[in-house]
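Participant: This is the feature table in Swiss-Prot:
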DOMAIN    58-221  domain 'SIS'
ACT_SITE  GLU86  active site, proton donor
ACT_SITE  GLU117  active site
Amino acid sequence: MTNISLDKLVTESRNENTKDIDRVETLEMLKMINDEDKKVAEAVEKELINIAKAVDKIGESFLNGGRLIYVGAGTSGRLGVLDASECPPTYGVSYDLVRGIIAGGESAMFKAREGAEDSKKLCIKDLKNVNFGENDILVGIAASGRTPYVIGGLEYANGIGATTISVTCNPESEMSKIANISIAPVVGPEAITGSTRMKAGTAQKMVLNMLSTGAMVKTGKVYGNLMVDLKATNEKLVERAKRIVMQATGSKREQVEKILKETNFDVKLSIFMIESSLDKIKAKEILDKNKGYIVEAIKEIS
């Protein structure tokens, strides 16, 4: 256990703006919470330079065969698992490319296992279980910036030469000093003292969204602002796939449905076939040559 006193942490401080939250009407209570929530986006904005550095590192790692691994305990761990689990259906990547590891294992997603966060060795074991290597990126998430489980992971990753990123909500935390890149949106005291699932959790979610989304954009998973590597695995996503191709190409539904059927609902390939007027085999060859970047593939044939 680290020796940082909790009373020195911003996230554990008492919020003077909400000290009467238990004595006001419901609407006033919610206004208090909402006023605090408004501070979150501003805190994240102040960290954009550091977030950009992290996105560039993650994108570079992806292009070189690396992965993005999140580690955290409690709410922080759950947020990592949540962000990771959304990447395959949204961007068509493997479930191994972005992974979330929570202290205490899968059961900790649904039932708190708070004691698991106190072990540095447990995180090292968890990282070894997923074959974490020097080409991978480790993002350690903890509102306090002092969680032993996460610190153990960051230290291990540093030791094998991997890039490390910390996402915390306390300035000058131990994690911030260990990680290669520190992201620390300081959201201030919580509406309910110490309840870091609130503002801190929201800030962490926003940062993780930026990290994964930014890296996917950097690696050609987005064309314009369209998710062109979407996997059409249900009726809603089938319709979304059709709309994406229509929006990207300006083509009518009938043509889009025909091309999507030909490509087995490969959205990116369908778009490039329409934009290039090439057949499936030639279009795929050029796309593959350009590592899936539609813009670069179009430049090649222009």
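Every residue, even glycine, has its Cβ placed from backbone N, Cα and C.
For each feature listed, report its degree of burial, its nearest neighbours and the pertinent distances within the displayed model.
Facilitator: Summarising the environment of GLU86 (active site, proton donor), the number of other Cβ atoms within 10 Å of its Cβ, over all protein chains shown, is 15.
For GLU117 (active site), the Cβ neighbour count at a 10 Å cut-off comes to 26, with all displayed protein chains included. Classification of GLU117 (active site) by DSSP places it within a helix.
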Participant: Cα of GLU117 (active site) to Cα of GLU86 (active site, proton donor): how many Å, rounded?
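Facilitator: GLU117 (active site) to GLU86 (active site, proton donor), Cα-Cα distance: 24 Å.
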